[in-house]
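As given in TrEMBL:
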type     : residues                                                       : note
ACT_SITE : Asp86                                                          : active site, proton donor
BINDING  : His87, His175, His204                                          : Zn(2+) 1 binding site
BINDING  : Asp107, Glu137                                                 : Zn(2+) 2 binding site
BINDING  : Gly176, Gly205, Gly206, Ser207, Asn226, Ile227, Asn228, Thr229 : dihydroxyacetone phosphate binding site
Amino acid sequence: MAFLVNGNEILKDARRNQYAVGAYNTNNLEWTRALVSGAKETRTPLLIQVSTGAAKYMGGYKLVRDLVLNVMDSMDIDVPVILNLDHGDFESAKECIELGYSSVMFDGHKLPVEENLAKTKEIVRLAHERGIAVEAEIGKIGENQGGGELASVEDAIRFAEAGVDRLACGIGNIHGVYPEGWEGLNFDRLKEISDAVDVPLVLHGGSGIPQDQVKKAISLGIAKININTEFQLAFQKATREYIEAGHDQDRSNKGFDPRKLLRPGTDAITESMKEMISWMGTRPIDDRDSKFVFDEASLNEE
Ligand code: G3H
Ligand code: ZN
């Protein structure tokens, strides 16, 4: 049976050596297979994650866990895999810890900061008992075109001291499509945070940020980059091309069969992932001492 790792050594290595590991959201079976293909082909660790909304859409956290483990098995994956809950609330983080996710994000940014910190500590306690990693969020990541809030250095220090394994910081980044006239990432604040804490930092809203800004952010401590919208757009574009070319209407070849209709979009996710891995510099497993990676807490091992 496939097993998961918590990714702590992988992300520490990324921060130390100034490269990033993409954290790719899954949305369904095709997405999951596309991401596993990308990791297999590039021989890089796979950080696959699910948002609360996508988990609900797919049928729950247990289904997602079972899906990921079964796809890993059926596709015979031989690189480390981290399964992360993305933007979880307190209850969903506890549920995913119980289910054996190897990493959970507790996103308490909507709470007063003291409550966010107290609940983060509780999640750290529950997760660390089982070798599971924890990500917290400070400041606020903007939503669909704006509204973010910069993370403070004091909060970064307090949350790092609380024992989180990775820290997502609001630094001008936004989920979804970036608006015209977006000001860009706040590198001054990122540098202050990165000078103050050595925990691997996480860049949410990674889709659509110009590559030069992402590379600079990586040089300033970003080790995990969350990507969802970019692959959704890649999927949409390829699917649109298939339909606009009329292939879905080819009745003799059953071009409307979902196994054909969803294929170009699925392949486009893998291609887009491989490009990102290449320019983010994600380190292949064969370049490491693989023992060090597989020595991490291995969850779900039989
Ligand atoms: O947590 C997930 C991400 O931050 C994804 O953001 O959809 O803008 O790539 P994105
Ligand atoms: Zn996010």
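Glycine is treated like the rest: Cβ placed from N, Cα and C.
Where the annotation comes from TrEMBL, it is an automatic prediction and has not been curated.
Residues within less than 8 Å, Cβ to Cβ, of Asn228 (dihydroxyacetone phosphate binding site) and separated from it by at least 6 positions along the same chain comprise Tyr24, Asn25, Ser51, His175, Ser207. For ligand 2, the neighbouring binding-site residues among Glu137, His204, Asn226, Ile227 are His204, Asn226, by Cβ distance under 6 Å. Only Asn228, of the binding-site residues Asp107, Glu137, Asn228, place a Cβ under 6 Å from an atom of ligand 1. Sequence-ordered, the extra residues of this chain that approach the dihydroxyacetone phosphate site, with Cβ no more than 8 Å from the Cβ center of Gly176, Gly205, Gly206, Ser207, Asn226, Ile227, Asn228, Thr229, are Asn25, His175, His204, Gly208, Glu230. Excluding His87, His175, His204, which define the Zn(2+) 1 site, the same chain contributes Ser51, Asp86, Asp107, Glu137, Ile141, Ala168, Gly205, Asn226 within 8 Å (Cβ to the Cβ centroid), listed in sequence order. A straight line from the CA of Glu137 (Zn(2+) 2 binding site) to the CA of the residue listed as 'active site, proton donor' spans 11 Å. If you take the CA of Gly205 (dihydroxyacetone phosphate binding site) and look 10 A around it, you hit none of the recorded positions from Asp86, His87, Asp107.
His87 (Zn(2+) 1 binding site) sits 5 Å from Asp107 (Zn(2+) 2 binding site), taking the Cα positions as reference.
Here is what falls inside 10 Å of the CA of Ile227 (dihydroxyacetone phosphate binding site) among the recorded positions Asp86, Asp107, His204: His204. Within 10 Å of Asn226 (dihydroxyacetone phosphate binding site), judged by CA to CA distance, lie the following recorded positions from the set Asp86, Asp107, His204: Asp86, His204.
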